[in-house]
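> So that we are looking at the same thing, I have put the structure below in structure tokens.
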Amino acid sequence: MKRHGSRSVPVEDLLEILRAYTEKHLTHMRKLAKKRRVRMRTPPETDALNVLLDAFCKCGMVKEAEAVFGRVKRKLLGNAETYSTLFFGWCRARDPKKAMKVLEEMIQMKHTPESFTYVAAIISFCSAGLVSEARELFEFMRTEGLTISSPTAKTYSIMIVALAKADRMEECFELLSDMRSCGCMPDVTTYKDLIEGMCLVGKLDAAYRVLDEMGRAGFPPDIVTYNCFLNVFCSHRKADDALELCERMIEAHCEPSVHTYNMMMMMFFEMGEAHRALDICLEMDKRRCQRAIDTYEIMIYGLFDCGETEYATALLDEVINRDMKLSYKKFDAIMLRLSDVGNLGAIHRLSEHMRKFYNVAMARRFAITQKKKSIGLRRK
């Protein structure tokens, strides 16, 4: 279809192209509809149009996608998928006004947006830092949306965490109370999402309020919930707060997990307090919490860093005797530490031990990854 002196394809020709593409590549839906004796409400070309618009939007060419749809919409009606594609495109392009305009047009055309459409848009706006726009869309979802697209507990938790990140704590708890008044009761997953999100942004006071409310609602916090708090304390090296939380956890009859002890030991090793890390290890044995390979890796590497070479070597022998497999990354790091101290016997024993678990493909992949990292560091 070669034409001279023109930069656009006529609408009739474009429809013919879409029709031909559908007949060649998008026949499965039509065959299924024919088999099930279901009448398709949209012409076959609509499926091809949706593929074209989706390709434009994924390439960041949302204006071009909207221009194409604007040219053909008089002769080819779009369906819910067409409008959803354009809506997602404007959300990715961080243009909330255009996205809301498409959404309103979609509703005017009697197409019902699904809950997933709203949730994906809210997540896009929040990740782009457009919290106010996400809140507007959330309110639109509550007031203008139908029952099928009303906010779920997950939608509320996404919005509340986004408000917490934006330091709008009063709105967080207002939305939490609105959630209950609308009949959408928070469940365990909702509370965990809220606590984890607030802990990640350092809003510990608000997270503790949610924790207390979680207990009053009849959902006692479990080890995963407590570990969210502990992760924040350990990353900020707040040792006293971390130990106090562990005591609170035990008083609530919630036994610390291997991950709990690992985080504590890693924090103390990073602080250069090897004796406190060893105290945590003894407490772990006292409470009959079985050590995992991660525990041994943290202890061996931490003891080498703190100059406790003999104790680190003894733990390494324990790993070898128990026939445990070290990760490739830690194996490489421990071999370097042994090389620094000149312990050839330990190097030989560890090499022979790891030979049993040697995987050529994994070793090659690890070597390539390390090479890419070193090249990247050199460029910086």
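Heads up, the Cβ atoms here are built off N, Cα and C, so glycines get one too.
What TrEMBL says about a protein is an automatic prediction, not a curated fact.
Sharing the record's features from TrEMBL:
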REPEAT    45-75  repeat 'PPR'
REPEAT    79-113  repeat 'PPR'
REPEAT    114-148  repeat 'PPR'
REPEAT    152-186  repeat 'PPR'
REPEAT    187-221  repeat 'PPR'
REPEAT    222-256  repeat 'PPR'
REPEAT    257-291  repeat 'PPR'
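Have a look at these and tell me how they're positioned relative to everything else.
Beyond its flanks by at least six residues, the repeat 'PPR' (114-148) meets 80, 84, 87-88, 91-92, 94, 96, 99-100, 103, 107, 154-155, 158-159, 162-163, 165-166, 168, 171, 182 of its own chain at Cβ-Cβ distances under 8 Å.
Counting residue by residue with DSSP, the repeat 'PPR' (152-186) contains 26 helix, 0 strand, 9 coil.
Sequence-distant contacts of the repeat 'PPR' (187-221) (same chain, at least 6 residues past either end, Cβ-Cβ under 8 Å): 153-154, 156-158, 160-161, 164-165, 167, 169, 172-173, 176, 228-229, 231-232, 252, 254.
Sequence-distant contacts of the repeat 'PPR' (222-256) (same chain, at least 6 residues past either end, Cβ-Cβ under 8 Å): 191-192, 195-196, 199-200, 202, 204, 207, 211, 214, 263-264, 266-268, 270-271, 273, 276, 284, 287, 289.
Panel annotation: around the repeat 'PPR' (257-291), residues 223, 226-227, 230-231, 233-234, 237, 239, 242-243, 246, 249, 298-299, 301-303, 305-306, 308 of the same chain, lying at least six beyond its termini, place a Cβ under 8 Å from a Cβ of the stretch.
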> What is the number of residues in the repeat 'PPR' (257-291) that are helix, strand and coil, as DSSP sees it?
26 helix, 0 strand, 9 coil
